[in-house]
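One structure is given here, and the rest of the page talks about it.
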Amino acid sequence: MAAAEPSVAALAGGGVGAGAPSGGVPVLFCFSVFARPASVPHGAGYDVLIQKFLSLYGDQLDMHRKFVVQLFAEEWGQYVDLPKGFAVSERCKLRLVPLQIQLTTLGNLTPPSTVFFCCDMQERFRPAIKYFGDIISVGQRLLQGARILGIPVIITEQYPKGLGSTVQEIDLTGVKLVLPKTKFSMVLPEVEAALAEIPGVRSVVLFGVETHVCIQQTALELVGRGIEVHIVADATSSRSMMDRMFALERLARTGIIVTTSEAVLLQLVADKDHPKFKEIQNLIKASAPESGLLSKV
């Protein structure tokens with residue numbers, strides 16, 4: 001690992017703006033799930049590159065954290081820390097990554113920075129998944145809340161040809177994407193592209209099935225891309241309660257937030273004077289089902 005560089009805030013005082021000079025060197029600037037092409041002057045070094053990252057992603061960066069710039073090395077087939085004294089001389093791909101892992105996740109949710117992921121709530125799973133009817137009910141409540149608050153929703157279906165479509169109880173009105181998949185994780189190229197179109201996304205609220213497979217793999221992949229993940233415990237389940245329990249324990253240890261549907265919805269409105277509070281209050285007046293799910297988190 002390269003030596004620690006100055007914090008982003010220390011370099012934010014000036015420098016290159018969003019518009020690079022014509023005739024510059026093309027560079028692909030990557031951060032989290034995003035990738036944006038731009039150009040920089042020939043010979044641009046570390047400080048100029050940081051300024052360019054700031055111009056592209058400044059509203060998504062914690063300005064007090066330290067980051068490292070990495071270069072994609074063709075000979076290794078992966079990113080490596082930017083060599084000391086590096087200067088841009090040809091087309092290349094760079095990414096900005098945190099130099100140190102955050103040990104504490106605050107878990108603040110706001111509607112403009114949040115996306116809901118509903119994972120594989122399909123008909124063929126109904127007889128196999130524990131408390132499936134309960135998680136459908138809670139999942140539908142979450143989707144109603146998303147519509148009220150204008151939060152984008154992405155839904156996937158695992159091999160729908162064999163496992164059927166999303167259950168009829170789930171209302172797909174206003175959903176941004178419904179995608180078939182064979183991969184267990186929801187992080188498909190189409191999902192990454194959809195996230196890139198939504199400015200300022202920091203958090204994903206994740207629910208569905210199965211906790212220890214598709215939910216777990218989706219959560220870990222999102223966290224690896226710098227997205228904060230909230231798993232809704234009363235809206236996710238597995239065929240085996242043991243698999244579910246140990247998956248949630250493992251995910252919580254990695255800094256993923258295990259929460260409930262009511263906690264999510266009330267955190268998103270945050271204030272009784274919020275213009276949508278009454279509608280959200282009506283949603284949660286009837287408590288979520290008291291199933292065996294929450295006794296086995």
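Placement of Cβ uses the backbone N, Cα and C atoms for every residue, glycine included.
Feature annotation from Swiss-Prot assigns phosphotyrosine to Tyr159. Tyr159 (phosphotyrosine): 13 other CB atoms within 10 A of its CB, across all protein chains. In this structure, Tyr159 (phosphotyrosine) belongs to neither helix nor strand by DSSP; it is coil.
Take the CB of Lys278 (N6-succinyllysine) and look out to 10 A: across all protein chains shown you find 12 other CB atoms. The N6-succinyllysine annotation in Swiss-Prot covers Lys278, and the record cites a large-scale study or a structure entry as its basis.
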Inset, instruction - Whole-number Å only: compute the distance from the Cα of Lys278 (N6-succinyllysine) to the Cα of Tyr159 (phosphotyrosine). - result: 38
